[in-house]
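One structure is given here, and the rest of the page talks about it.
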Amino acid sequence: MMKGLGGIDSQPGSSFSRTSSKMHQRPPSQTIRLGRVQPQAPSYRTIFCNDRESNFPVRFKGNSISTTKYNVLTFLPKGLFEQFRRVANLYFLSISILSTTPISPVSPITNVLPLSLVLLASLIKEAWEDWKRFQNDMAINNKMVDVLQDQRWVSVPWKALQVGDIVKVKQDEFFPADLLFMASTNADGVCYIETANLDGETNLKIRKALEKTWDYLTPPKASEFKGEIQCEQPNNSLYTFTGNLILDNQTLPLSPNQVLLRGCSLRNTEYIVTVVIFTGHETKVMMNSMNVPSKRSTLERKLDKLILTLFVTLFVMCFVGATGSALFVDKKYYYLHLDSIEEGSSQFNPNNRFLVLILTMFTLITLYSSVIPISLYVSIEMIKFIQSAQFINKDLHMYHSETNTPALARTSNLNEELGQVEYIFSDKTGTLTRNLMEFFKCSIGGEVYGHGVTEIERGIAERNGMKIEEKRSPNAVQEKGFNFDDTRIMRGAWRNESNPDICKGFFRCLAICHTVLPEGEESPEKIKYQAASPDESALVIAAKNFGFFFYRRTPTAIYVRESHVEKIGHTQDVSYEILNVLEFNSTRKRQSVVCRYPDGRLVLYCKGADTVIFERLADGNNEIRNLTREHLEQFGSAGLRTLCLAYKELHPDAYESWNEKFIQAKSSLRDREKKLDEVAELIENGLTLIGCTAIEDKLQEGVPACIRTLQKAGIKIWVLTGDKIETAINIAYACNLINNEMKKFIISSETDAIREVEEKGDQVEIARFIKDEVKKELKKCTEEAQSYFNTGSAPKLALVIDGKCLMYALDPSLRVMLLDLGLNCHAVVCCRVSPLQKAQVTSMVKKGAHKITLSIGDGANDVSMIQAAHVGVGISGLEGMQAVMASDFAIAQFRYLEDLLLVHGRWSYLRVCKVVLYFFYKNLTFALTQFWFTFQTGFSGQRFYDDWFQSLYNVIFTAVPVVIVGLFDKDVSASLSKKYPELYKEGIKNAFFKWRVVAVYAFFSIYQSLIFFYFVGTTNLTAKNSDGKIFGLWDVSTMAFTCVVITVNLRLLLICNSITRWHYISVGGSILAWFIFVFIYSLICHLFGRQNVYFVIFVLMSTFYFYFILLLVPVAALFCDFVYQGVQRWFFPYDFQIVQEMHKNELNDTGRAKLLEVENQLTEDQARSYAVSRLPPAISKHTGFAFDSPGYESFFASQIGVYAPPKAWDVARRASMKSRLKIVLQK
């Protein structure tokens, strides 16, 4: 008897009545949340096929989908809510509201305009993105599909589909909803589907309809179908499905084999007939469309602290001003009428100083509001987006031509995080290796076959000072997936071995025990195999080359062409009936097939990991078992991937009894997977070992060099793999992660003491003993590591730990010891780890050590690890796209990490740091000039600048140049970034965003604001305009504002590492924009009722004094900066500055190539003229050196190989750096 869901017992052969089904079912739509749904096992749904009236009361979800964030009604409120979740925007909203009150000294336009422009830009961006999503949704919803109506196929849009409809899907069409497969034009009710849109896998998968529904193919026959489906509620589990089809009073179990998911497509099949079971947002693919967990970069979190510091600064400035105002107001200033209601204001009433303090606080908050940079977040978002879309995604150095795969930045939030990574957690298979499996060696009946030498073995020999010469037989077969050489068992020679029957069983197991689909012509040369993994394909290809050619599969049988059975040259086509398939999963770690031979014999073939196969072997035959175990260790040491093969003869009666339990478990609606695993355990025992296979997975190109470079950059790499400890260690050696000079700590559960305890079988005692052993080993290794460090000449350390020990080491009581030991090691290798353990190790370092982490992997088992790290990188390899879909960045090869981190990551970090600090500097400088003015006005809150000046300062006059710096500034070229990976350490140490650096920028803000105010203000006491009048307030403030705009823009050029034409255009354009604006505004301001700056700029420009100030003040303001940068570069240079000096005369490769192309057709004089024409601004140049000449001619002429007389500053510079360069080169 089978226990149904919801406490209802259902037996095969019985069904619920339609009335009772309607009473017990629950509407599914009540609990659906897109992207937040978990499998809902306790409930079920009942679907009446081809009967819309019966399904109507349930009100299933429609098939229309919407992925938009907004609609017409919610866009404005929801969009504004999203914007005001940011503290800075909320702050400016408060300031804008405050500026409308009588206590505000500035017009509301001063704060409302910048806020409006920022919000408008953000909302336009949101609207554009949502509009693109809406268009995509409409295109999908209006696709056409054939639905059965009135005994004929009628084309309707996807959005019109309903649960229970019968649908016809043609070849190459996509499935419009989650469908139950009923009938196919192919024989035996099978169809082929491609799931690339779901998981990225392009290999075809086979689906088989229930035999009872094969006939419902034509409209008249399909219209007779009135089945009833009882199945699970909608959930986001792509690879599971539990349900029953009740047809003609018979209950038929449904499995994922009969379910076709939305987004997949039909291949190699004319058409199929299906029933809709899940629609719209209840389909599995839509429930998996949740976003990758939101990640914020470390620098962004530190930016929040900087903004908080600015808030504190603002409060202090306001409090000082308000206190000054409270102290200043006094009755002795009777002529100011401070206590007169008619002419004065209660804000300055000397009789209530506390009220004066409070009101002045609010006044000054609106006046100094520009301290907080309103456009900072928008500018950074724009910079990061362009960095991702234009620089990372289009970098040819990270483009893989073989697979036509460019790099992909799936998020732009974490660009600068790439420049601070200290720990990398990497998968092995498909990440460090190619995931291109080749059958290399095998062990059959205790005998090793195969003479090849792996890359790992060559590496081991080289480390030991030996040289291996590989000898291949002249007739050795080599094809994709097969690189085996041993004449003893090739071309039928296995018949002459001492164990031919075991060899035959070994080859048959390879040819039968799999889920591979053959494609193309049924000949060994032209056939292609579609396999779920490269391992499966390699094993079937190996069987083909051994003479057991698998060429056809039906839902019930496998056809194998067996060669050399009786005599050389003879072939025989044999059909093996497949009765049951016990599929592989990460828990079982094995796969089994029950087949019936043509003579009626029943045989179970099983292949899987050595740990699970050896546990299930029958007693006896210890010799083959021990020999195979030795061979497994040999293969593991050579870096090969191993699988064990076994079989079991089944008695018909025992099989029938077991098969009944298997069918019952398959029909269960509750815990079906668990019950199937339990039933499998009943038959997968008492196995006879046949042998084992060894498959080579070669390292990806450039992995050793990339790891060496990353280690030089100060990055520590941890490899987390499911391989055996020997394989993992040898792979680590091969890719330069570990070398002979390192001290290795190995913590393994494969010790005699642990084996002895495990043989007793007491699970509680085993757990206690292993935990104690792990604790003892961790303590011993930690003490040994500490002793090395105390000696002062410690070797580099490496830790190797296996999954079983890691499980106990991750216990809260031992986690700190493991973390301390791991952080002191140069490299860590974790073997036999599960996907959960990968994520736990990543989280341990991320949260426990507070280090910035990066995880990289290529398979579904790496998803949790990728999402646990600060930065997740997916490899778009051969295991589908699930890792890529969960990642923040996607690349095609591990070696591209070098460019991603050392070039783009480092540049992004430098640029974003510079942008943030520059925003901090320019806003604080501007606000402080107003602050100093407060001391001259009795702390009354009188504004120094015109409202429009203050409004447009951030959004126009200083906005563009900082974006240009964020996009194009680079300290050294990409090639030098990789040549000197040590430069990356500055990012790990966060050298460019320390509080010390912030303090330097704050100092220059204070210094320059004092220069602006007091130079302009005090010198104007004696200055007069052309009419002989002294300058007024608005003359002085306009002059001061002009100096501020010019100086902060010029200072940007001073702090740049490289200058392009875009820098000149943006800086010159910003300054020009100010003058154009002030000219126009001075003429028309009276139209807005503002007479204060009317004709001011024309009066100023008619005086010599204006031009004198315009030259003097920026020079005086920037002089301190100039001296500081010179002293810093000469005596306390950053690493990148030393590299700049070392390579200042070198031209980048692209420039040199272009020059050579032109020079081939030019005379010497013409070449020199051409070279001079290539001088700045066409070529970017390094600046920032204190004594660089404004002309740059000799400096840049020498860069491109053109002789020009050296200047004195060049000689001085080289002499000053000579001794320092010697030290660097020695290092």
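Count begins at 1; order follows the chain as displayed.
Heads up, the Cβ atoms here are built off N, Cα and C, so glycines get one too.
TrEMBL has this to say about the protein:
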type	residues	note
REGION	1-36	region 'Disordered'
DOMAIN	142-203	domain 'P-type ATPase A'
TRANSMEM	306-329	transmembrane segment
TRANSMEM	354-378	transmembrane segment
DOMAIN	884-1133	domain 'P-type ATPase C-terminal'
TRANSMEM	915-933	transmembrane segment
TRANSMEM	953-972	transmembrane segment
TRANSMEM	993-1016	transmembrane segment
TRANSMEM	1036-1055	transmembrane segment
TRANSMEM	1062-1084	transmembrane segment
TRANSMEM	1104-1124	transmembrane segment
For the domain 'P-type ATPase A' (142-203), residues assigned helix / strand / coil by DSSP: 10 helix, 30 strand, 22 coil
Closest-packing stretch to the transmembrane segment (1104-1124), where packing means Cβ pairs under 8 Å, from 354-378, 993-1016, 1036-1055, 1062-1084: 1036-1055
Stretch of maximal Cβ-Cβ contact with the transmembrane segment (993-1016) [cut-off: under 8 Å; candidates 354-378, 915-933, 953-972]: 915-933
Tertiary contacts of the transmembrane segment (1062-1084) (same chain, 6+ residues out, Cβ under 8 Å): 948, 952, 956-961, 963-965, 967-968, 1038, 1042, 1045-1046, 1049-1050, 1052-1053, 1056, 1093-1098, 1177
Model confidence over the domain 'P-type ATPase C-terminal' (884-1133), averaged pLDDT: 86
Tertiary contacts of the transmembrane segment (1036-1055), as residues 6+ beyond its ends and Cβ separation under 8 Å: 914, 918, 921-922, 925-926, 929, 944-946, 949, 953, 957-958, 961-962, 965, 1004, 1008, 1012-1013, 1016-1017, 1020, 1063, 1067, 1070-1071, 1074, 1078, 1093, 1096-1097, 1100, 1106, 1109-1110, 1113-1114, 1117-1118, 1121-1122, 1125, 1183-1184
Chain residues outside the transmembrane segment (915-933) and at least six past its termini with a C-beta under 8 angstroms from it: 299, 303, 306, 310, 313-314, 317, 321, 367-368, 370-373, 375-376, 379-380, 383, 942-945, 953-954, 958, 962-963, 965-966, 993, 997-998, 1001-1002, 1004-1006, 1008-1010, 1012-1014, 1017, 1040, 1044, 1048, 1051-1052, 1055
